[in-house]
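> Submitted below is the structure of interest, expressed as structure tokens.
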């Protein structure tokens, strides 16, 4: 009994040290600090969008695209045996004027589950702005997971809940300067939505010219956080370019978009913080709640004047975080309010983030993924890219009526996210003026039965559907919902892509526990503890693993942890 207590105490101390490790700092997915102003051309107002807006002057002739898929085939990826996973990656030049290059990593659908030609093509974009979509490859929706917790871990197992089991997954680092994407000179970095849309559209055109077999498949765009701003603009741009298709251009078969914990309508979402903090979570009290009315009014005044980069709006969220702490506890983690963090989540050591940083900056890895020409090291987020986009608090909601008239839209929110919380999302969805406003208001709530990682049935969440719009409140989810709820998030995206009802049982649409077991990363049970929010289960399992390893590995008076 005493041995068990000592072991669990050791695990607890080590877990706390790991959770406060400063390595691999996670930068805010939405940076509410004061952003650097720029004298460069502003983002055009929606009222100034004209035909010229859709005349992509950067669009080069696709006849100049000479590469083939084999030029991008990933072979000998360090840490993964050949033949286990097929992927393609590299850089495409989408703006010849600035030598702007976007990095991508493409994972065709898993042939053991679905024929890639029978699956849709799904783009994934992380937010920031300026944060790399490679996070999703290694931590969220992608197939690669590091084994072990060492920063130098270079062995992978395949994520059994990877979204490439339902779709051909295309991860893009955008805009320029994000992740492994680059421009030759920082003057070529983008400053507005128009440039982002043009470069994204050009990228897809070139990608389909090279990977022509996929060009007619159903096309979807997904992402999280600030991608909730990107995606409506990109989808609207594609719809309009399809209507005015230029010579040699490929019509993109856009069928839908999926936005997770998106920053889409700041006017409402910022205003929701006090309701969420007081009524939905209880992380602030009555006194703080009363103080927010004045803070919100100051922010709304700035937004009404077209100032989408104000201290007043940043102050609303920062005050919420400050008020969530006390003299005895740290403030809550902005991405998961079950956790406390002195930096509110900015230093949250996501499982795999340190390994990702080391791995993507290795020369042999850069060579394998065809990114040796990228002149800078990979970082999760780029503050320069973030600072040049000064319209981050501008709404994208006005685009939704057009989108909902043409494509399907899935909006989902992790239950425990603060920064892009479900209260704000629910409120802005109710503000959309479209042909089915009344049907949306009257739509009954559904209770979604999903599948757990062990194959058992569990509640996935709640939501509602009317016409082309679906909203899901994902139980157990954080800001990075696919990270900590892999099975239910896979169930969710599969239903959306197949256009299946959330009222159906998962087995009825072919979703079951995968047959491939997930190996257990063995370093002190830390990954388990972090993934489930530091609960006692992680400590107990971690302690059991340590005890077994110590029993088997004791030699010459010391213990060694074996992976």
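Keep in mind that glycine also has a Cβ here, set from the backbone N, Cα and C atoms.
Below, the features straight out of Swiss-Prot:
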- 225: active site (ACT_SITE)
- 417: active site (ACT_SITE)
- 479: active site (ACT_SITE)
- 31: N-linked glycosylation site (CARBOHYD)
- 95: N-linked glycosylation site (CARBOHYD)
- 110: N-linked glycosylation site (CARBOHYD)
- 213: N-linked glycosylation site (CARBOHYD)
- 244: N-linked glycosylation site (CARBOHYD)
- 328: N-linked glycosylation site (CARBOHYD)
- 382: N-linked glycosylation site (CARBOHYD)
- 468: N-linked glycosylation site (CARBOHYD)
- 499: N-linked glycosylation site (CARBOHYD)
- 1-23: signal peptide (SIGNAL)
- 24-529: topological domain 'Extracellular' (TOPO_DOM)
- 551-563: topological domain 'Cytoplasmic' (TOPO_DOM)
- 530-550: transmembrane segment (TRANSMEM)
> Of the recorded positions 95, 213, 417, 468, 479, which one sits closest to residue 110 (N-linked glycosylation site) when you measure Cα to Cα?
213
> Of all the recorded positions given, 95, 110, 213, 225, 244, which residue's CB has the most CB neighbours within 10 A?
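That would be 225, with the highest Cβ count within 10 Å.
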> Just to be sure I understand the packing, how many Cβ atoms besides its own are within 10 Å of the Cβ of residue 417 (active site)?
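A count of 27.
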> Between C-alpha atoms, which of these glycosylation sites comes nearest to residue 225 (active site): 95, 244, 468, 499?
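Its closest listed neighbour, by Cα, is 468.
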> Can you tell me which of the recorded positions 244, 382, 479 is spatially closest to residue 213 (N-linked glycosylation site)? Compare CA atoms only.
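Out of the listed candidates, the nearest Cα belongs to 244.
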> Do you see any of the recorded positions 382, 417, 499 whose C-alpha is within 10 Å of residue 479 (active site), and which ones?
417
> Any idea what the model's mean pLDDT is for the topological domain 'Cytoplasmic' (551-563)?
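Over the topological domain 'Cytoplasmic' (551-563), the predicted model scores a mean pLDDT of 27.
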> Can you count the other CB atoms that lie within 10 A of the CB of residue 382 (N-linked glycosylation site)?
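Taking all protein chains shown, residue 382 (N-linked glycosylation site) has 25 Cβ neighbours within 10 Å.
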> Whole-number Å only: compute the distance from the Cα of residue 468 (N-linked glycosylation site) to the Cα of residue 244 (N-linked glycosylation site).
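It is 24 Å, counting Cα to Cα.
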> How long is the line from the C-alpha of residue 382 (N-linked glycosylation site) to the C-alpha of residue 417 (active site), rounded to the nearest angstrom?
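Cα of residue 382 (N-linked glycosylation site) to Cα of residue 417 (active site) measures 23 Å after rounding.
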> Of the recorded positions 95, 417, 499, which one sits closest to residue 244 (N-linked glycosylation site) when you measure Cα to Cα?
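Of the recorded positions 95, 417, 499, 95 has its Cα closest to that of residue 244 (N-linked glycosylation site).
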> Sort residue 244 (N-linked glycosylation site) into helix, strand or coil using the DSSP assignment.
coil
> Report, in whole Å, the straight Cα-to-Cα distance of residue 95 (N-linked glycosylation site) from residue 417 (active site).
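With distance taken Cα to Cα, residue 95 (N-linked glycosylation site) is 36 Å from residue 417 (active site).
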> Could you tell me the C-alpha distance between residue 499 (N-linked glycosylation site) and residue 95 (N-linked glycosylation site) in angstrom, no decimals?
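So the Cα of residue 95 (N-linked glycosylation site) lies 36 Å away from that of residue 499 (N-linked glycosylation site).
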> Please report the DSSP secondary structure of residue 417 (active site), reduced to three states.
coil
> Which site among 468, 499 has the most other CB atoms no more than 10 Å from its CB, taking these as glycosylation sites?
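When each Cβ's neighbours within 10 Å are tallied, 468 leads.
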